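Noted in Swiss-Prot for the protein shown:
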ACT_SITE  Cys378  active site, nucleophile
ACT_SITE  Cys381  active site, nucleophile
COMPBIAS  8-23  compositional bias 'Low complexity'
DISULFID  Cys378-Cys381  disulfide bond
DOMAIN    337-458  domain 'Thioredoxin'
REGION    1-24  region 'Disordered'
REGION    70-319  region 'Reductase domain'
TRANSIT   1-69  transit peptide
Amino acid sequence: MALAINVSSSSSSAISSSSFPSSDLKVTKIGSLRLLNRTNVSAASLSLSGKRSSVKALNVQSITKESIVASEVTEKLDVVEVEDFEELAKRLENASPLEIMDKALEKFGNDIAIAFSGAEDVALIEYAHLTGRPYRVFSLDTGRLNPETYRLFDTVEKHYGIRIEYMFPDAVEVQALVRNKGLFSFYEDGHQECCRIRKVRPLRRALKGLRAWITGQRKDQSPGTRSEIPVVQVDPVFEGLDGGVGSLVKWNPVANVEGNDVWNFLRTMDVPVNTLHAAGYVSIGCEPCTRAVLPGQHEREGRWWWEDAKAKECGLHKGNIKENTNGNATANVNGTASVADIFNSENVVNLSRQGIENLMKLENRKEAWIVVLYAPWCPFCQAMEASFDELADKLGGSGVKVAKFRADGDQKDFAKKELQLGSFPTILVFPKNSSRPIKYPSEKRDVDSLTSFLNLVR
């Protein structure tokens, strides 16, 4: 999209807070945006701060025929810089999220904002903070968010010293929906109508005041629908401040980052996160439409789980927790019920208390180790047994040892104090050249996810 802006040199009064009529904008190509080359405009025409963060929208209050003629016969000032965001996306494809964030804030200043949902996209705010540039953050308050999400909003504001710009749904539209269909109509006829009122329309209003926005979309969040996300693009759906298709640029700094790496970054930087993550929530939205996922499930399976039942039946029902025939709900009051052991592959080393203590003391190991802290009665441990045994068989003879340590009963206090045990199962990686184990941060415990994390830290 190309935006051609003609500015008269006769007076600076043509710059005001009113918007360009959409008819004054000439469309060329989606994928590129023509920005005014401010360095070629005289100071008499524009009064701009040297800081990009203070640059406001260039808008015309009134353009007379005389001023247009005058500008054409004197100095030509409609010099434009063509920004090809498709080409920029290619150049930034292998850039770090920090570099991409810095480029976005540098280019758009106060006309760009971070969209924050209250989940792991808090990483975007940390990256923006690390650039040292001013930045804006907005969030959609649907009125149906979890209390934990609202508390995170408050914590983030205090942690970074910012004010989140909240967008709310239209009260009349919400009232009509609830009165006509009730509070939970989405369980009956799908979530699209409710989301359109509570999320999409407020987002449109927010974006109409911007020229660019920053999202936390990642390719691995939904391989079927998000696998082609570029790090920057001209938004093909929403409109920006100047109006019209192509008037808004969308930045996705973490598009190429794996979820595990995002979490490692959050932990390393000690960033405040939503406490729902510790309860098994990965993708977090409105309270009625979000639930925790089970080990091995994809993170998006915790959202709108009642829809497209046939298409998602295998993934959903496979993770369902069934009543344990060993009676673990009543028999293991002290966490030491007599139930069959798990993780029984011949390639899984069974560590004793002394064995894992010795492993912790080693500073220069010959091999890396991946160890699961488990309780055999725990349904989440049982659910990951097959994938962990498969991992052990896959890594046999590879230079990585796979082990288990039963951490319930008398060993639980030790495991909490010395082994970072929070809940079962907890997975630790003991790198070759480090005595301190690294805790696996994700609820995704399939073979590929575990292998990917292991390769990053071993």
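Here the Cβ of each residue, glycine as well, is placed from N, Cα and C on the backbone.
Residue environment of Cys381 (active site, nucleophile) contains 24 other Cβ atoms, counted within 10 Å of its Cβ in all protein chains. There are 20 other CB atoms within 10 A of the CB of Cys378 (active site, nucleophile), with all protein chains counted. Using DSSP to sort the residues of the domain 'Thioredoxin' (337-458) gives these counts of helix, strand and coil: 46 helix, 24 strand, 52 coil.
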